[in-house]
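Among the features that Swiss-Prot reports, ATP binding site is placed at GLY15, ARG76, PHE77, GLY106, ASP107, GLY108, SER109. The feature ADP binding site is assigned by Swiss-Prot to ARG25, GLY26, VAL27, VAL28, ARG29, ARG159, GLY190, CYS191, GLU192, LYS216, LYS218, ARG219, HIS220, with sequence analysis given as support. Annotation source Swiss-Prot lists Mg(2+) binding site at ASP107. Per Swiss-Prot, the feature substrate binding site maps to THR130, ILE131, ASP132, ARG167, MET174, GLY175, ARG176, GLU227, ARG248, HIS254, ILE255, GLN256, ARG257. The active site, proton acceptor annotation in Swiss-Prot covers ASP132.
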Amino acid sequence: MAKQIKKIAVLTSGGDAPGMNAAIRGVVRAALNEGLEVYGVQDGYYGLYTDRVIPLDRRSVSETINRGGTFLGSARFPQFKDPDVRKKSVETLKKYDIDALVVIGGDGSYMGAKLITEEFGYPCIGIPGTIDNDIVGTDYTIGYQTALETAVEAIDRLRDTSTSHQRISIVEIMGRHCGDLTISAALASGCEYIIVPEKGLDKESLMRNIEDGFNKGKRHAIIAITELMTDVQALAKEIEDRFGHETRATVLGHIQRGGAPCPFDRILASRMGVYAVDLLLQGHGGRCIGIKNENLVHHDIIDAINNMRRPFKEELFEAARKLF
């Protein structure tokens, strides 16, 4: 029989994403309405290790649903891989008699929750919060749609100036090893070429595509590429040297993580926050939440990390490619 849950904690970990505050709010208010006590862990797993734990009430999350970032703070804490660090972190939970933990973040955050679940049998629920949309078991992650809107707006602005100056523009978009954000942003803004990790960078194919565009009468081009694939400044120079056409690279960078979350992310985050509390009250632990075909689902967090594979958006990529 599962232990009765009386106190829970929530933390945000890894890179911030618009909608994290809405998810925290969802967890806190749903838990309070069920008669639970709620604590917030500041600065992610680092705060768990250093005992940065604060009580949360309804006022703590008032006026946060529309705010970007995470008011609890976040941090990357690779030291959490050390078993002694994890042991001390769990002692912090025990100090406050916390019965369960909700973790909002990406795959690194899930790994921390997985280890706490495996090693200490602690009920953890993972909520996917990352603009990269690279978490398995869910169609969308919290923050992705807002980041997409930000990227599209930036590309639209770049197209204005690229058109005016007959310039080739390379736009580097976040996503790490997942091309979802790049593909969707490129499709929505009519980019002439897309380069994503799942397909790799074929420079000769890129050059042929640019040349074909010029032969068809195009006077400018926008190339969307996922971060970490190549030095975009060097690529811009290669293209300019090849065609004698002014080429500039723009790295959108961390601006994609900021700003107020869009309505989709606010709704998704709120639903997932409520669902996390429901799962804990039902006796679930070691689960991660997702959304599939508009329905909330949950998976074993260990299985999600070890065995599940995120499908590549081939249809979207091909649709965008046919519109070059």
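The backbone N, Cα and C atoms fix where each Cβ goes, and this holds for glycine too.
Distribution of Swiss-Prot features across the structure.
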residue	record	Cβ within 10 Å
ARG29	ADP binding site	21
ARG76	ATP binding site	15
PHE77	ATP binding site	22
GLY106	ATP binding site	23
ASP107	ATP binding site	21
ARG176	substrate binding site	17
LYS218	ADP binding site	14
HIS220	ADP binding site	20
ARG248	substrate binding site	18
ARG257	substrate binding site	21
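In the three-state DSSP classification, ARG29 (ADP binding site) falls within a helix. Counting other C-beta atoms within 10 Å of each candidate's C-beta, the binding-site residues VAL27, MET174, ILE255 are led by VAL27. Within 10 Å of its Cβ, the residue among the binding-site residues ASP132, GLU192 with the fewest other Cβ atoms is GLU192.
Inclusion criterion for the binding-site residues GLY15, ARG76, ASP107, GLU192: a C-alpha placed within 10 angstroms of the C-alpha of THR130 (substrate binding site); this criterion is met by GLY15, ASP107. Taking the centre of the Cβ atoms of GLY15, ARG76, PHE77, GLY106, ASP107, GLY108, SER109 as the ATP site, the nearby residues of that chain (Cβ within 8 Å, site residues left out) are SER13, GLY14, GLY44, GLY105, MET111, GLY112, THR130. Of the listed binding-site residues, namely GLY15, GLY108, GLY190, the sparsest CB environment within 10 A is found at GLY190. Within the set of binding-site residues ARG29, ASP107, SER109, the entry lying nearest in space to ARG176 (substrate binding site) is ASP107 (CA atoms). Cβ contacts within 10 Å of SER109 (ATP binding site), excluding its own Cβ and spanning all protein chains shown: 29. Residues listed for substrate, THR130, ILE131, ASP132, ARG167, MET174, GLY175, ARG176, GLU227, ARG248, HIS254, ILE255, GLN256, ARG257, cover a largest CA to CA span of 32 Å. According to its DSSP assignment, THR130 (substrate binding site) is coil. Summarising the environment of ARG25 (ADP binding site), the number of other Cβ atoms within 10 Å of its Cβ, over all protein chains shown, is 26.
Taking the C-alpha positions, the distance from VAL27 (ADP binding site) to ASP132 (substrate binding site) comes to 22 Å. Counting Cβ atoms from all protein chains shown, THR130 (substrate binding site) has 28 others lying within 10 Å of its own Cβ.
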